[in-house]
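**Q** This is the structure I want to talk about, given as structure tokens.
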């Protein structure tokens with residue numbers, strides 16, 4: 001019960017922090033958040049918890065804020081800025097994976113106490129690392145495209161929820177499928193893999209629903225650097 005209520009609070013706090021970054025630092029704040037969230041989500045993902053009867057990773061909340069941030073960039077600054085943010089996030093993830101694999105290659109001192117912990121967090125199996133990278137770049141690029149397509153058809157501010165929720169729901173479906181297929185398909189029995197796929201997507205979808213009120217707040221928000229210019 002604690003996990004369920006705290007997870008909702010945890011998710012709300014995440015989106016409030018994104019808005020604070022946007023308010024305080026404008027467009028640059030969203031770019032910084034996307035880089036930070038990409039790293040942080042891949043640290044959190046190693047911890048699994050029970051949520052609403054499902055086994056899930058904590059990284060899904062932080063990962064969901066990346067879609068939220070790119071949607072805000074798309075809505076207020078256009079798809080070109082959103083795509084730039086996607087490539088920033090992908091480059092950050094790729095660099096993190098490469099650099100930390102190098103760190104693990106160093107032989108630890110006899111007095112070292114961190115190697116085992118680092119291996120737990122960063123010792124990705126090749127399939128998991130590949131699945132994460134492929135899922136990120138494909139789903140984030142798709143999110144920008146779908147958001148822009150929905151906006152062309154439904155440009156009204158009242159339908160911001162449709163643009164935000166629709167693009168995220170579609171792109172996260174592909175994100176979940178690509179990651180779980182590359183990382184786990186063939187390793188686990190088909191029924192276990194299907195359970196992982198469904199439970200992961202449901203958690204991500206719940207995060208996208210929580211984000212909707214904050215999308216309207218971001219739409220109305222004028223960052224400090226734009227107010228003074």
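Any Cβ shown, glycine's included, is placed from N, Cα and C.
The annotation transmembrane segment is assigned in Swiss-Prot to 6-26, 28-48, 49-69, 86-106, 118-138, 160-182, 192-214.
What's the neighbourhood like for each of these?
**A** With a cut-off of 8 Å between Cβ atoms, the residues of this chain six or more beyond the transmembrane segment (6-26) that come close are 32-33, 49, 51, 61-62, 64-65, 68-69, 72, 207, 210-211, 214, 217-218, 221, 223-226.
Within the same chain, residues 3-4, 7, 10-11, 14-15, 18, 30, 33-34, 37-38, 40-43, 85, 89, 140, 143, 164, 167-168, 171-172, 199-200, 202-204, 207-208, 211, 214-215 sit at least 6 positions outside the transmembrane segment (49-69) and bring their C-beta atoms closer than 8 Å to a C-beta of that stretch.
Long-range Cβ contacts of the transmembrane segment (118-138) within its own chain (Cβ-Cβ under 8 Å, at least 6 residues beyond either end) map to 38, 42-43, 46, 86, 89-90, 93-94, 97, 100-101, 103-104, 174-176, 178-184, 187.
Tertiary proximity for the transmembrane segment (192-214) is limited to same-chain residues at least six positions away from its ends with a CB under 8 Å from its CB atoms, namely 8, 11-12, 15-16, 18-19, 51, 54-57, 60-61, 63-65, 67-68, 161, 164-165, 168-169, 172-173, 175-177, 180, 184-185.
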**Q** Taking a Cβ cut-off under 8 Å, which residues six or more beyond the ends of the transmembrane segment (86-106) line up next to it in the same chain?
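**A** Residues 31, 34-35, 37-39, 42, 66, 70, 115, 118-119, 122-124, 129, 132-133, 136-137, 140-141, 143-144 contact the transmembrane segment (86-106) from elsewhere in the chain.
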